[in-house]
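Each remark here refers to the structure printed beneath this line.
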Amino acid sequence: MSESNSAEGSDRSEEQVSGAKVIAQALKTQDVEYMFGVVGIPVTEIALAAQELGIKYIGMRNEQAACYAASAVGYLTGRPGVCLVVSGPGLIHALGGMANANMNCWPLIVIGGSSERNQEAMGAFQEFPQVEACRLYSKFSARPSSIQHIPFVIEKAVRSSIYGRPGACYIDVPADLVTLQESTTSIKYKECCMPPPLSLAETSAVRAAASVLRSAKQPLLIIGKGAAYSHAEDSIRKLVELCNLPFLPTPMGKGVVPDNHPNCVGAARSRALQFADVIVLFGARLNWILHFGLPPRYQADVKFIQIDICAEELGNNVRPSVTLLGDVNAVSKQLLEQFVKNPWQYPTDSKWWETLREKRKNNEAVSKELASKKSLPMNYYTVFYHVQEQLPRNCFIVSEGANTMDIGRTVLQNYLPRHRLDAGSFGTMGVGLGFAIAAAVVAKERSPGQRVICVEGDSAFGFSGMEVETICRYNLPIIILVVNNNGIYQGFDADTWGKILNFQGTATTIPPMCLLPNSHYEQVMTAFGGKGYFVQTPEELQDSLRQALKDTSKPCLINIMIEPQSTRKAQDFHWLTRSNI
């Protein structure tokens, strides 16, 4: 009896630690650096504990934006960011960010508070089957069974998020576990998980791929964001230059090899895809972005060489001639070695190169002609050509919107890998400001002086516009360009809008695509202490952007009015499903 009392007294005298602090320490041990979230019951203590250990916490205004930001950190750094949310509705708001991370194959950890375990099935505050709900949107979804179990679950979540094809993972933390105290000696932290193992393709398959590429009459390399994530820029650029091959980047593959490289045929995209006879896919999937690899966008007998980290991705939609399973950078080096040992170069004077150069020149001329129009309001091309003239070559470009993103991608150049973030594989609107905040936070430490330019359509800006307050609160010198056409796809000018309002019943007469004309979005920025500009002419755009780039002490929003009916130049093929409107 006395021994028992002595043991109990000893336990009480031992140093205690809360579940919140165990979570924070486990994250720190796994080299997690960034956390984004919206705090409240029961997760506030977790954010405070994380800050005590030096984990950077960025408080956002909406869980979706927080989740988008955390996922972008994962893409930019290769280590998952954490999204911290409250239970029930807070977690549900983050599901969009989890799905987006999974679709883009970006590492992400979502930590969600949940109702107390002893209230399960009783109708507890914000009770929801969170672990089950997150399984559809994640690689791994679990709830620690005890405080002692937390380090194990966190290590597994971090490891799962970065191993194989990266993706989202969810950790559910009941409210009672956050505040529960346990002896520090009972907690065993897991060692930091090792970097993902690098997998190489089979040597015979690499030789076969080199042979197919050597036999090509009209070759093309397609560089995807998987190549950017794996840091394959050096090996792919060497392959491009050694073999004199034309390449085409996907939207977030831009910058792996600079857009101004003479072998870039982005301006001849449709022609390159339609007539290539051998295509090498570097971490690019044959999904909707690449038109599934099917006719009429491609030749029926085109040969694909597919390089991907994920075996399940190989052969989707089209049977490839050669599959190279492995890390994109490692496999690119293997392929490069084949041509270093046995040099081969695609002839510069070939008919294929002549066709691509001519199409590239013609398309660039059409865009420049549209950009040179002096009429007001401005069109998209005029805006983007003036922006491109002033953008620093090392800046991050974040972009979302319909025409704003599609046209901007063709004009705004990327010269560095992992410096473009956009709607991505899921085509998600609302990612812009979250992505921009993530890029600015990462750049502040890893590449000081690099600016973040966030190019938003006016409709897209509306999804996460209140994150401007977050930007100002943390004084992130982000430049937001809102390309304002008064609508979704297209809008109306003030005169036409006034006539519409003369009809009775605005809910039945205002077209669904229309937004309020001449909205002063720049005042959202000035309301929180940043700088704002309302511009209507090329001269005003040039002056405001020049001032914004010069001032690194404050964020800025430039509200750029354009022709409400402005659209893209004529396309050879429709980008997505045709609309009957």
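From the backbone N, Cα and C atoms, a Cβ is placed for every residue, glycine too.
Among the features that Swiss-Prot reports, phosphoserine is placed at S2 (among others), with the record citing a large-scale study or a structure entry.
The phosphoserine annotation in Swiss-Prot covers S4 (among others).
For S6 (among others), the entry in Swiss-Prot reads phosphoserine, with the evidence type a large-scale study or a structure entry.
Around E63 (thiamine diphosphate binding site), a 10 Å sphere centred on its CB holds 26 further CB atoms from the protein chains shown. In the three-state DSSP assignment, the secondary structure recorded for E63 (thiamine diphosphate binding site) is helix. Positions annotated as thiamine diphosphate binding site by Swiss-Prot: E63.
Annotation for K361 (N6-succinyllysine): no spatial neighbours, criterion Cβ-Cβ under 8 Å with sequence separation of six or more. For K361 (among others), the entry in Swiss-Prot reads N6-succinyllysine, with the evidence type similarity to another entry.
Among the features that Swiss-Prot reports, N6-succinyllysine is placed at K368 (among others), with the record citing similarity to another entry. Here the Cβ of K368 (N6-succinyllysine) has 12 other Cβ atoms within 10 Å, regardless of which shown protein chain they belong to. In this structure, K368 (N6-succinyllysine) is part of a helix by DSSP.
Residues annotated as region 'Thiamine pyrophosphate binding' in Swiss-Prot: 404-489.
The Cβ of D458 (Mg(2+) binding site) has 25 neighbouring Cβ atoms from other residues within 10 Å, across all protein chains displayed. Taken from Swiss-Prot, the feature Mg(2+) binding site covers D458, N485, and the record attributes it to similarity to another entry.
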In the region 'Thiamine pyrophosphate binding' (404-489), how many residues does DSSP call helix, how many strand, and how many coil?
37 helix, 16 strand, 33 coil
Roughly how many angstrom lie between the C-alpha atoms of K368 (N6-succinyllysine) and E63 (thiamine diphosphate binding site)?
41
Give me the non-local Cβ neighbours of N485 (Mg(2+) binding site): same chain, 6+ apart in sequence, Cβ-Cβ under 8 Å, ordered along the sequence.
N403, G457, D458, G491, I562, E563, P564, Q565, S566
Could you pull the average pLDDT for the region 'Thiamine pyrophosphate binding' (404-489)?
97
